[in-house]
Amino acid sequence: MTPQKNKTLGEFIIENQSEFRYSSGELSRLINSIRLAAKVVNHEVNKAGLVDILGTAGDTNVQGEDQQKLDVFANNAFIKTLTNREIVCGIASEEEDDFITIKGRSGNNDNKYVVLIDPLDGSSNIDVNVSVGTIFSIYRRITHEGTPVTLEDFLQPGNKQVAAGYIIYGTSTMIVYTTGHGVNGFTLNPAIGTYYLSHPNMQFPVDGNIYSVNEGNYVHFPQGVKDYIKYCQKEEDDRPYTSRYIGSLVSDFHRNMIKGGIYIYPNTAKDPNGKLRLLYECNPMAFIAEQAGGKASNGFERIMDIQPTELHQRTPFFCGSKNMVEKVENFMQLT
Ligand code: P6P
């Protein structure tokens, strides 16, 4: 049954508390803390052009990318909010080389969830006022509560996620998330700081005519991707498709989920495993895509079945309307 619009995110969480199996409210509190951190980051993102918060923080992250000041701010905001509420036992972030252990006031590491985040994805778009996003992924720890959280708690396949979502800081700010019972989108009313259910039960159209890929890398793509792009451009049947690429995963994904489309970041000679990170970009977006009836693979296997081996490992990523992902997989598997 589709939830009715305009209820607040807080009301929605309370009414759907029963969905969070084994949780006596921690997962709800966790989603609530992400909601708060998103408001704090949204406030900074929305004024980025007005204060000297643009430009780099002078550091580079584990990916060797310049850390934008807002990257650092967003990372700190999510870590601080999650830490203060004593809900998680550990956090991994694109902006942190290693995972962070969160101890409760008891000094123990006894909370049951770990969170993995890309605090500000697409941050290279900040200086040009293009929308960016936060991506989060939540697991129950697999090590015993009270024992120190370990890397093993973070290296779980995506099919073990208990919740995942993104915040898109666009023309409006939205939280879109799933706990394994469908996907719902909430839009922030900035005047009162409340999120309202604006997109209940989001569904990825099974087909679409938008393909999102950085064609500047075309010569480096695998032959199957080249063949698929030429297929999209052919004057035949329902084609040519439309090419739309913002350079911000959350924005491209969100548009494709509403209109129908596919996002592709393949492996290339330069990046044999692609660019996107499995744990805090691809797995959460794959969970959302599948919960909305879409599909996500690395061209050959389901993203959420990949067994991670490293915190910041990358993967080729094909995600979106089911028929479009299956079409490019056919091209990939023919070569
Ligand atoms: P390129 C942003 O850095 C990001 O991780 C995604 O948000 C985006 O889709 C992609 O990389 C853009 O990468 O190489 O096309 O600039």
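Cβ coordinates come from backbone N, Cα and C, glycine included.
The feature domain 'Fructose-1-6-bisphosphatase class I N-terminal' is assigned by TrEMBL to 7-200.
Residues or ranges marked as Mg(2+) 1 binding site by TrEMBL: E94, D118, L120. The Cβ of D118 (Mg(2+) 1 binding site) lies under 8 Å from the Cβ of S93, E94, T134, I135, F136, R277, Y280, E281, each of which sits 6+ residues away along the same chain.
Annotation source TrEMBL lists Mg(2+) 2 binding site at D118, D121, E281. According to DSSP, D118 (Mg(2+) 1 binding site) sits within a strand segment.
Less than 8 angstroms from the CB of N214 (substrate binding site) sit Y245, G247, Y265, each of them six or more residues away in the same chain. The substrate binding site annotation in TrEMBL covers D121, G122, S123, S124, N214, Y245, K275.
According to TrEMBL, the feature domain 'Fructose-1-6-bisphosphatase class 1 C-terminal' maps to 205-333. Helix, strand and coil counts under DSSP for the domain 'Fructose-1-6-bisphosphatase class 1 C-terminal' (205-333) come to 57 helix, 19 strand, 53 coil.
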Confidence summary for the domain 'Fructose-1-6-bisphosphatase class 1 C-terminal' (205-333), mean pLDDT rounded
97
Cα-Cα separation of D121 (Mg(2+) 2 binding site) and K275 (substrate binding site), in Å?
12
Within 8 Å of the Cβ centre of E94, D118, L120, which other residues of the chain have their Cβ, at the recorded Mg(2+) 1 site?
D71, A74, N75, S93, E95, I117, P119, D121, S123, T134, I135, Y280, E281
For ligand 1, the binding-site residues of E94, L120, D121, N214 whose CB is under 6 Å from one of its atoms are D121, N214
Please list, in sequence order, every residue of the chain apart from D118, D121, E281 whose Cβ lies within 8 Å of the Cβ centroid of the Mg(2+) 2 site.
E94, I117, G122, G133, T134, I135, L249, V250, L276, R277, Y280
